[in-house]
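A short worksheet on the structure shown next.
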């Protein structure tokens, strides 16, 4: 139950992050690379400060017990967020979020291809994912056409980002012993290293604003919630709740971009919420863990 709540919060903060980036693209002078750089700097600062405090109080390895695996997860995360922000340049917020939220499908494929005893995927998660996908298709097909001439490029970038996100989901299961703040530190630092060179090369220095700084806050909150969700359960079906990005993004699009909603969009949102609930329904036929039989006293035991 706690893992589901964490993932719902993650979906909410991801929607806020994407909505904020879309607002920055359309209503400020900030371009892609400075937005990514601010996100990385703010996120790195928050994660580093809290990691230092945790290390000072509790000890342990400051850079984690498996720095190589953490670095690999960080590179995947930095590339994924870069592709997602690029996709937002060419697509509507709801359409981009619908494509970015296809990560659960990729995750299910990876679970089937690379079976692991620590991973579980219930049939109810498959049903819920298919219901969510049907709702997303209804929302996606009902949305007006994108006017950007490179909308096809946005679709490709968002799908690439969602696949990398699925790889991150799998990688997080190998890092269950790491502290969530340490895990979140690496992708933020990798984002800084990835985006600083093009930002300075192109001399793109927008004025600091609340919108730029808050991107890092939303992103850090989303990553932390997702990490907590995946660390507290072995059920990979919890990632289906990431589809809730879409209803949250539709709400933001209606509030800030004045995009009208009709009954088809409402039905699609209802199907996504229903699918998310079905994916978390436990299978009543799951085998129970056998209890340890009571030990019997040995006949030859000598009592004093």
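Even glycines carry a Cβ here, placed using N, Cα and C.
Keep in mind that TrEMBL annotations are predicted by a computer and have not been checked by a curator.
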Checking feature assignment: transmembrane segment per TrEMBL, candidates 14-32, 185-203. Which range matches?
185-203
Which of 96-114, 121-140, 152-173 shares the most C-beta pairs under 8 angstroms with the transmembrane segment (70-90)?
152-173
Quick one: find which recorded stretch in 41-63, 96-114, 121-140 has the most Cβ pairs under 8 Å with the transmembrane segment (152-173).
96-114
Go ahead and report the DSSP secondary structure tallies for the domain 'EamA' (153-275): helix first, then strand, then coil.
101 helix, 1 strand, 21 coil
Please figure out which one of 96-114, 121-140, 185-203 racks up the most CB pairs under 8 Å against the transmembrane segment (41-63).
185-203
